[in-house]
Amino acid sequence: MTAQTMTLGYARMGKRRELKKALEGFWSGALGSEALLATFWDLETQAWQTQLQAGIDHIAVGDQTLYDHVLDWATWLGLIPSRFRGLSGLDRYFAMARGREGLPALEMTKWFDTNYHYLVPEIEPEADPSPNFGDFLERVRRAQGILGERTSPVVLSPVTLLCLSQRSGDLRADLEKLLPLYRDLLQELKQLGIPEVQIHDPILVTSQGSGLREAVEMSYRQLATAGIPVHLVTYFDDLGETYPWVVQLPVAGISLDFTRGHTLDLVRTYGFPADQILGAGVVDARNVWKVQPETVLASLRELQGVAPNLRVQPSASLQFVPHDAALEAQLPEPLRNVLSFAEQKLAEVALLARALNGEDTAAQQAEIQQQWQSFAQFSPPNPQVRQALANLKLQDFERFLPYEQRLSRQVQLPPLPTTTIGSFPQTPEVRQWRAKYKRGEVSQAEYEAAIDAEIAKCIRIQEEIGLDVLVHGEFERTDMVEYFAQKLEGFAFTEHGWVQSYGSRCVRPPILYGDVVRPQPMTVREFQVAQSHTQKPVKGMLTGPVTMLNWSFPRVDIPRREQALQIALALRAEVADLEAAGAVMVQVDEPALREGLPLKKERWPEYLSWAVDAFRLATGGAKPETQIHTHMCYSEFGDIIEHIERLDADVLSIENSRSNNKTLLQIAQAGYRHQVGNGVYDVHSPAVPSVEQILQQLRTGLAHLPVEQTWVNPDCGLKTRRWEEVIPALKNMVAAAHQLGEELLETQPEGLRE
């Protein structure tokens, strides 16, 4: 049987971020809704045509979005929180996404283990969904005019939608409300002549999946009554223990991710129904490297022996990679030739299918093999780095003294010491200086003088506010990963390699392609400038190895653990240079530590083992007198607290203001012994917290954690705030800390416990 091809979604925002510009123009009032929608429709059409020209047989439709595809489905299903029901159309859609005066936005969180963020639907107890699929069906009709029978509508599964939502009701009861709406939609698609519908159900690959059997079986039984073939799509991992019953669901086909987990082993063990289509996700939709055709073809031929009706496809939507590697003319040719962005992945899918179908693709395969050989010559292993890793000993991952003995050797501060997380407002003037320097319009000396002036101003303001521990402000940094990656060998940078993070926000992840080497100090100059303006301690500021790795496109030729340890060695040398320059405190931030957790809990220990090891390697060489800080901006610590403690950071600052002290309580209940920076106010809000509000937050915190363990800080960096918001907020924070400190000295100097 002839193998076909399919896509599950395509790159977003446009090659030149056209949708980002249109959205921000619309939000600012410079662009009308008609112009915004025209831009969106044009980009959506371009995506279809690109896939059509690549020869894809089944092309995803409905995956593109103005803001977020989960928000789209909540809107189409009529799952509108009551606070937004007075609005309609784009006003309501963007209010749900971004909030407006008196109307808080939906919560935003990570889409599984990717770096994309989705908006969390809110399903109120008495919700009575009132669907409107007009927009979705219009997209399908437009696609049919271009793609014909290749049109493959993408529908987010009701089970996945509910599992990702905030809801208080019973899953089965909520599902019974939604399933008739889904069935009606499928019947409308059938009437349009759609040959097959993709139902995306990624929740099945998570640890939750095994407990959802009853709900999933009920869903697909009811959806089957619509009379249109359903193709169940999973991605991001293997199905694990759910595999044997998922493949028995009443569906026409099932798509599986063969690039993560152990999917091929599951097929070998349990087989696959001969009468179903197997969507083989063999082209990795989340990395940027070309496949090795001979290896993938061997797997595809084995699969074809089990499932004759086979489709070759990316492992997931291509929204997680940039549009076109051919645009990156500035990259060295050997590197560029082995990169595969969305357009190149379409070509890879088509090539693999042609080869599987017996066409002569030997010349193309030989060319790819030659490109990889050229790349290997361009980026050979670095013997010094490999030897340094081989020479690592257990003591390299440990501080010289345990925490209790380090504590007395470190800088002594008043009770409830105050500090910030690191960044301060980046004004238009600062961004202009960086842009001019990048374009070569100002010299390095002129640029550094401008940055130094900002650092001096920042130090002066912090001293006037009365903070105990200062930071230099990070004015030279555009991004906490890109800044360091640009100073390390082994990372490459794109000009057009943007991917959507959320809404109009795009990120341009560095590409980790070779062994990591630090040619020279990365942060010492700015630290010295800052420290020269004050007698108070200034923290050195670094991004941790796991965050550097998780927010980049990693290599595929060596394990992630090895890549993290290489980065850690570079950071270890930076910590030593900061100490030599006079730093007595160094902060190594790891906001992405938790984000990298595998989707299956049984795989957490392996990941956390090397992730913690990487942090300990980066910081283990620090002198006992050097206080190591780390910051983690998420609110769920309970299930990984033992690993947080194993980091052995002297001070852990947390995001606590929006969690009702839940984070602090988790830490206290676990018996965490190290110092904790209580994030006492929400930097994501422009509102200036009052002294009384911060006092309340601190008093609540001290009911769980003793004063000698407590630091006081905002819950995250201040980069996106304005000075007129930052200064009064920090003044109130310092005033609250001083007031409470004086009260404690008078009454209970040893602190309070619950």
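The backbone N, Cα and C atoms fix where each Cβ goes, and this holds for glycine too.
Going through D324, D577, D589 against Swiss-Prot, the one listed in the L-methionine site together with I421, G422, S423, E474 turns out to be D589. Among the candidates E454, E463, E595, E602, the residue that Swiss-Prot annotates alongside R17, E18, L19, K20, K110, R505, C506, W551 as binding 5-methyltetrahydropteroyltri-L-glutamate is E595.
Cα-Cα distance from S423 (L-methionine binding site) to E595 (5-methyltetrahydropteroyltri-L-glutamate binding site): 21 Å (rounded to the nearest whole number). Put plainly, the binding-site residues D589, E595 were compared by Cβ crowding within 10 Å, and the winner is D589.
Binding residues for 5-methyltetrahydropteroyltri-L-glutamate (R17, E18, L19, K20, K110, R505, C506, W551, E595) extend across at most 29 Å, taking the greatest CA-CA distance. When the neighbouring Cβ atoms lying within 10 Å are counted for each of the recorded positions (K110, H631, H684), the highest count belongs to H631.
According to DSSP, L19 (5-methyltetrahydropteroyltri-L-glutamate binding site) is assigned to a helical segment. Over all protein chains present, the Cβ of G422 (L-methionine binding site) has 25 other Cβ atoms lying within 10 Å. Neighbours of E655 (Zn(2+) binding site) among the recorded positions K110, G422, C506, D589, H684, defined as a Cα within 10 Å of its Cα, are absent: none qualifies. For L19 (5-methyltetrahydropteroyltri-L-glutamate binding site), other Cβ atoms within 10 Å of its Cβ number 25. Of all the binding-site residues given, namely E474, E655, the one with the smallest number of surrounding CB atoms inside 10 A is E655.
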